[in-house]
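Participant: What TrEMBL records for A:32-97 is domain 'HMA'. Summarising the annotation, TrEMBL assigns transmembrane segment to A:116-137, A:149-169, A:181-203, A:209-227, A:364-383, A:389-417, A:684-700.
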Amino acid sequence: MTATMRPAPSACPACAAAPAAEALATRALLPAQIALSLPTIHCAACISKIERALSAHPQVTSARVNLTLKRASIDAAPEVTAEEMRALVEGLGYEAHELDAGTLNATANDRAGRDLLMRLAVSGFASMNVMLLSVSVWSGAEDATRDMFHWISAAIALPAIAFSGVPFFRNAWAALRNRRLNMDVPIVLAIVLAIVTSLWETMLSGHHAYFDAAMALTFFLLAGRYLDHRTRAIARSAAEELTALEVPRAIRLRDGAEEQVNVAQLAVGDLILVRPGGRMPVDGVVVSGTSEIDRSLLTGETLPVFAGEGQAVSAGEVNLTGPLTIRATAVGAETSLHRMVDLVAIAESGRSRYTSLADGAAKLYAPGVHILAALSFAGWYVFTWDMRTALNIAAAVLIITCPCALGLAVPAVTTAASGRLFRRGMLIKHETALERLAQVDTVVFDKTGTLTTGTPHLTNLEGLPRHVVELALALAQGSSHPLAQSITRAAREAGFAAAAVTDVTEVPGYGTRAMAGGQEVRLGRASWTGARALSETAAFLRLGDQPPVAFTFADALRPGAVEAVAGLTRQGKRLILISGDTPPAVEALATRLGIPQWMAEALPADKAARVEALTAEGAHVLMVGDGLNDTAALAAAHVSISPATALDAARVASDIVLLGNDLSPIASACDTARSATRRIRENFQIATVYNVIAVPLAVAGLATPLIAALAMSLSSITVTLNALRLR
Amino acid sequence: MNILSYLIPISLILGGIGLLAFVYTVRSNQYDDPEGDARRILSDDWDDRPKP
């Protein structure tokens, strides 16, 4: 029985993620490496204050703050959680958010980046020296001097290219082996042909050697490659992150006795006990007990739902107040959480359809260059029957058409734009995210946790009598219910002290009751306190036989939400609010922010389906969301953004992560992305103009090494300067 | 022109020293946090003794 209940390995894409979850579990025993994003740090005092506080924690071995990247990396004992560290730093008065270790690895202390930098340095050193020697050749060195300079150039260039050209050689070989052409094939051909003909010319004491061109080519292209590497994030699967949410163990009730079992061993019909604070391990029906369950992760509902006998629950929901016994109705791959993982995996697999501008250019470019060089070689060979001239001209054509400017056109702009966006509080995780963001015409927002903070906020504290608030505080402070916690927070901040009460008991699913001065006080649901339910979210306090008093709540707007929506509306984008919450709550928020279209009670699959439907209509959708229920939609959208407070899986699924709490950078990011794409196109045009001028010269056999060097350097520098103009 | 036989090696050696210095800075992580390092020098921590 148990064996059949186990998900079959790799029967579906998401099941392949199950071993990853096991790997996660074993990895947890290693010392924890925690990364925190600290968007608000700015000075030397911030660094030492945070480092000192973190190092003072007994289980932290080392902590280092990086001001450039605005993050802290912490090495700590295995049992230390990121949440604990975050709370510690927030206690110091700095905003802090957990960062994915994967995003961190992409930039910090990676060997690939350092390797590229080293090759870049060597090629820079070699190209400058060879260029110096070439200058004297161009300015008229002759005979033996010229030959000597050519030989010295060769001695510098050959080992330098052998070392620094390795990334291109490797990529070109990989492409050729798969019988494909990429940008690296013409590059390698140009470098190799330039070196070979130059060596040949030098041996025959000829006039033209292209060692400087070959070196400069390598240098500029490596510069582009390095910038590209820095903006490239490593791809991780959001589906893998989701499986980490599954509860590994559950408490099974058998003949009244509790036993801890692995979730994989649960079968349909088993009775499972879920304690307050625990997550549902399987889908099921409540058999006994009353409590409230937090479904916000799965559905986006802000308010906890009452759970009594007969209530259906889904895996992943959190039990809040009282113990529940559930009878499993679906286990393993059948649970709603697992179905969501499948949904995300399917959405992710459809993701890679976008062709970046650079790839598009390369597809046109690579065959064109080869045909041009081959034609000019053939033409000159037929024309002169001179191998040496024909080869020289083919080399000159390849060098001049070589994509120096093309190799720099995209990375320079992307680096400039992501630097600018980083300063505004956005982390670009995917290398083509900016290009895709520029095409966006429709923005889909999630409600809970994205446009709102997801925590209820007491709205009528001022209008309540003092003794009522004091009583409510006394009853609420012991409870973990979100509304009770909100009352506690608001009352404490306003300086109220708890009234003296006795016999405080929490009635799971209903509220809290206590005795005060011989009278019973109840704080809880409308039906339980004898009040009439209000249209807005409310809790009620009843003292003895007096009429109940309402405490009303609203979901607080996230800072910058108004600005973001207003900014996007001004840009003429179509805005849609899709939430799993109830229609009145969604409609209220939509009207408040001025979002014309809204959709309530959307299941995760509905969200993804809606996004896909919009895409099918030809819209380019930007999805902004934070929860488990948004993950599939985030992965399905053309481009996606999630706030730093979002769930791991949502952050992994999205292309851009907001570093702070503020949503307002979204609107300006769209502008920046559009101007970045415009700059990329301009750069392609600049590179084309240089080619149009220089290629005829090369084909006509008029190109000298001086013209090649000028065309290459000038186009690369213009392209880089154009990228830096980006605002 | 004989001066070239001194000047060319000298220029190569000087450039080579620059290259080695750069390699050293990359190896010792000096480009990880330029902004933070510039500010750290202003803090009083570990002024009296080196960080353990």
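From the backbone N, Cα and C atoms, a Cβ is placed for every residue, glycine too.
The model shown is predicted, which means the values in this text are computed figures rather than measured ones.
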Participant: What residues in the same chain, six or more past the boundaries of the transmembrane segment (A:209-227), come closer than 8 Å to it by Cβ-Cβ distance?
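Facilitator: Contacts with the transmembrane segment (A:209-227): 113, 116-117, 119-120, 123-124, 126-127, 130-131, 133-134, 137, 150, 153-154, 156-157, 160-161, 164-165, 167-168, 187, 190-191, 194-195, 197-198, 201-202, 395-396, 399, 402-404, 407-408, 410-412, 414-415, 705, 708-709, 712-713, 716.
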Participant: Taking contact to mean three or more C-beta pairs under 8 angstroms, with sequence separation of 6 or more, is the transmembrane segment (A:684-700) in contact with the transmembrane segment (A:181-203)?
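Facilitator: The answer is no, given that the two segments have fewer than 3 Cβ pairs within the 8 Å cut-off.
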Participant: Summarise the model confidence on the domain 'HMA' (A:32-97) as a single mean pLDDT, whole number.
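Facilitator: Mean pLDDT for the domain 'HMA' (A:32-97): 83.
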Participant: Looking only at the domain 'HMA' (A:32-97), what are its DSSP counts of helix, strand and coil residues?
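Facilitator: Across the domain 'HMA' (A:32-97), DSSP assigns the residues as follows: 23 helix, 20 strand, 23 coil.
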